[in-house]
Amino acid sequence: MEADFVIIGSGSAGSAMAYRLSEDGRYSVIVIEYGVPDVGPLIQMPAALSFPMNMETYDWGFSSEPEPHIGGRSLVTPRGKVLGGSSSINGMVYVRGHACDFDHWSQSGARGWAYADVLPYFKRMENSQGGQEGWRGTNGPLYVQRGKRDNPLFHAFVEAGHQAGFEVADDYNGEKQEGFGPMEQTIHNGRRWSAANAYLKPALKRPNVKLVKGFARKIVLEGKRAVGVEIEAGRTFSTIRARREVIIAASSINSPKLLMLSGIGPAAHLKEHGIDLVADRPGVGQNLQDHLEVYIQQECTQPITLYSELNLFSKARIGVEWLLFKTGDGATNHFESAAFVRSKAGVEYPDIQYHFLPVAIRYDGKAAAQSHGFQAHVGPMRSKSRGSVTLRSANPREKPVIKFNYMSHEDDWADFRHCVRLTREIFGQAAFDPYRGAEIQPGAHVQTDDEIDNFIREHVESAFHPCGTCKMGAVDDPMAVVDPECRVIGVEGLRVADSSIFPRITNGNLNGPSIMVGEKASDHILGRTPLARSNQEPWINPRWQVSDR
């Protein structure tokens, strides 16, 4: 079996590439996916988001090694093992990232990936329902909507931010990210709008696109040229050959693992596992980054939260309404207000993100409070801690060693203390006076630096945004894995295009920029002239040097 292009992974970037590479009919595309079909309400119903990311059926089941700086805790790292990849199990929050994120990429060696370069690709991929005119796309495959924000707590959160002196941002994916405002969702007609729904399924209707179910074991190379992929399907091993190129889009965990199993990575590490060296790239598996967050939870004195919907009868009613009409509380992820703010004067653009939720509950669906409550998920966006993904053995079936080194940099602790105290300030504003009860978490007794640090150590959670393990950069950067056209340095006919190529993590959730990578990489792969650069200038707070708001 062979095709012009062989893509490993049907996730955010992989699905976008399958769609674009096959678009004009000139080239054939095979997409290799080990995961299951994305069918059923647990995947497609937005409110059911806590289920698929905790189910072996849909998730690769990765966890970090015990993390020494957070008390030896091992944090789960869900990655989608399903059509659509992690876009089929994520929280459906849509964030492009800040303009300065991409300018930093370009300045660090990823030339051609500045904000002016990537903004046209964000516009090409979007079908924005209500975003800022002129800054948003309206004809792309990816539907992006805003929630209804029926609950008064959503408006209280935005008003509280304004009362605290922060900006209001009506469209954080438009000209101005900084401020409090509505959150955007990849939901369409009441359904999760994953990369599979947006890109892969339309592509699979074309005669030149084929989906092959199989476990990718390694890249097949002839000398230093990639010519195919060895896959395992059942008990059968076979090779799918690529006439032009192999493109890895297997996630920030599996992409570096696959490179190393194929002889591309740190020479000493590969030798340790008896793998023949093809290209010594010490950056493969390094530069691992993530976002962490804590939940600040408050009791609500009025019975207006989602707590009323957590009983079995209400869940059944919500499920039936969604199954019949794709409406109601099942048709939203309930993240409908957000904020991006700066932590201190001298910080040029936001480095803290908020998700607001009108219930006190964990991501795994367990209620933290036995009564009405609300919460903010808050965390710093630019941690200085860095980790790694390395091989546990040369067995492709064995999960890799994942070490994030969470909270290993002292600045991360100071940033999180500020996040906790800032959230208390926001919840203390007059807008919350009609609703505010006692603080559930951390609790009013947690006040000193040491007490807050202990709370963070025990309760900090991953936001599930791993990236950076196949860093994009200049060809003379010894830690770069791919060049600015996503080509693996030192190997021909092989590219990586997913969140693993991010030089540095972006502001916010990663599904949006991952899809953008797939869109832009497609033009590089096809040898097209990139879309014309934008001349639109993003808003930067004129007070950034003297004030945090």
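The backbone N, Cα and C atoms fix where each Cβ goes, and this holds for glycine too.
For reference, Swiss-Prot has these:
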type	residues	note
BINDING	4-33	FAD binding site
ACT_SITE	HIS465	active site, proton acceptor
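Each of the binding-site residues ILE8, ALA16, ILE32 was scored by the other Cβ atoms within 10 Å of its Cβ; the lowest score goes to ILE32. Under the three-state DSSP scheme, SER12 (FAD binding site) falls in the helix class.
Mapped onto three states, the DSSP output places ILE32 (FAD binding site) in strand.
Counting only the Cα atoms, the space from ASP4 (FAD binding site) to HIS465 (active site, proton acceptor) is about 31 angstrom. Here SER12 (FAD binding site) comes close to GLY84, GLY85, SER86, SER87, ALA195, ASP498, SER499, ASN511, SER514, ILE515, GLY518: these same-chain residues lie at least six apart in sequence, with C-beta atoms under 8 angstroms from its C-beta. Cβ neighbours within 10 Å of SER28 (FAD binding site), excluding its own Cβ and spanning all shown chains: 20.
For the pair SER28 (FAD binding site) and the residue listed as 'active site, proton acceptor', the C-alpha distance works out to 31 angstrom. For HIS465 (active site, proton acceptor), the nearest of the binding-site residues by C-alpha distance turns out to be ILE8; the candidates were ILE8, ARG20, ASP24, ILE32. In the three-state DSSP classification, HIS465 (active site, proton acceptor) falls within coil.
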